[in-house]
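Feature list (source: TrEMBL):
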TRANSMEM  36-56  transmembrane segment
TRANSMEM  62-84  transmembrane segment
TRANSMEM  105-129  transmembrane segment
TRANSMEM  141-159  transmembrane segment
TRANSMEM  206-225  transmembrane segment
TRANSMEM  246-271  transmembrane segment
TRANSMEM  291-311  transmembrane segment
TRANSMEM  331-351  transmembrane segment
TRANSMEM  357-382  transmembrane segment
TRANSMEM  394-416  transmembrane segment
TRANSMEM  428-451  transmembrane segment
Amino acid sequence: MQTFLKYINGILHQLLGEELDAKIKHYFLSGAYKSIFLQGAIALLTFFTGLFIARVTGDEGFGIYTTVFTWVSIVSVGATLGLDDLALKQLPIYKEKNELAKVKGLLSWANAFGGGFGVFCAIVLLIIANCTNIHGLSEYADYYFWAVWVIPLFVLMHVNQAALRGLHFFGWGQFAEKFVQPLSLFLFLVGIYCLQRFQLTDEHAIFARVLSFVVTAIAAVYLLLKYTKKYRGAVASYEIGLWWKSCRYFAITSLLYIINTRIDIVFLGLYQVPQAEIAYYNAALKLSDMALIPFAVLYTVTAPMFSTLYASKDMEALQLFFTKTTRLACFIITLILLVLVIGGEWFLALFGDSFRAGYPVLLILCIAKFVHVFVGPVNYLLMMVNLEKEATWGLLLSVILTIGLHLLWIPLYGIIGAGYATLVGLLLFEFLMGWLSYRAGIIPTVLGRFLRTKNKSSK
């Protein structure tokens, strides 16, 4: 096993090249190993959990489950208010400067403010589900009675896990979200399935997911308390003005991003597309999302380093780090996408034979994922280098286009139209983020370092 790991380590070192600073390379690889294990765990557990729910509840039940938690996910991200991104940006800076009081202040403020706002958002969504006739909400009002409480639990989990990553505890900073949550969900589902004499309804699946977030939020808070003991003795110092200024754009950007990536399912529900077809679309989406595991690792490990390198004004190192890590992730993800393109129908059939109908959507989503990883984590880079406002406006334009295309194409083409709307909206998003990055002095895409060298040599 050690020989195999050394072999993989050697390949990764070669792919990253000799130009990258050894300390930065070690930072990335040590964090990446921990991340890839946890991301791999969540991918497998999430995939098998989705299979289990789809197989047992049927395509219609899986469609209802998908619709309910799409709404909950969108509200959950909005309720987080960008506090997780704030922690990723500010905590590495405070840690580098040994400002213990500001670390404690940020952690205390983020948990109190985020948790309270999460409860408020849960109550508002519950009221809307019971007092309006919005499709996707009103007809499933009973489901939301349980599902909405995922929102404050999600906030606590997300903020505290991001805080640990910001303090460079990369393994534990993903453990609750990437391991505890999917594992506990799977165990709760199996437990309920056995207690109900080998039957599982969509209501049971929703209840199991809520329980899994209870366990996960507790685990996230416990881990934060355990690994931040040295900050407890400090007298908390607050920079609420600075935090809120950054938070506003982080929150808007995060909410717009989740809307941009999940609005497809919301509109499918609003147009009363059959729940079975929504299930096919979601199965294709889950498969294509699995290909992004290396990209999730890339963001998890690189975001704090983006902030650190920018704060030290080392733009050359920042460009090199961005390009090298993006190339590595893109290479791996391209191989995964090719497997999905070739064997996509077989993978979809694992959910049920009728799910093969989602294969055309899978192809469209695979193209979208390739474009996303080819450009790189530019939106996260912009947020870490004080360009939150510009990134937010670019994302807003992308969301407006995506919504407009959904309005036009879903009534005409159903789930295929939703897939194309998502792809075109993403193309605009990546173009705008890339343009903003270029203006900031960082050339995006896997070609970034090469293009920068060419530009220098031509002068």
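Any Cβ shown, glycine's included, is placed from N, Cα and C.
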Taking 3+ C-beta pairs under 8 angstroms (sequence gap of 6 or more) as contact, is the transmembrane segment (62-84) in contact with the transmembrane segment (246-271)? yes
Annotated stretches the transmembrane segment (331-351) and the transmembrane segment (246-271) touching (3 or more Cβ pairs under 8 Å): no
Find the member of 206-225, 246-271, 357-382, 394-416 that has more C-beta pairs under 8 Å to the transmembrane segment (428-451) than any other listed stretch. 357-382
Does the transmembrane segment (394-416) reach the transmembrane segment (246-271) with at least 3 CB pairs under 8 A, where each pair is 6 or more residues apart? yes
The answer for the transmembrane segment (357-382), taking Cβ pairs under 8 Å and residues 6+ beyond its ends, is 253, 257, 277, 280-281, 283-285, 287-289, 291-292, 294-295, 298-299, 302-303, 306, 322-323, 326, 329-330, 333-334, 337, 340-341, 344-345, 348, 388, 390-391, 395, 415-416, 418-420, 422-423, 426-427, 429-430, 433-434, 436-437, 440, 442, 444-446, 448
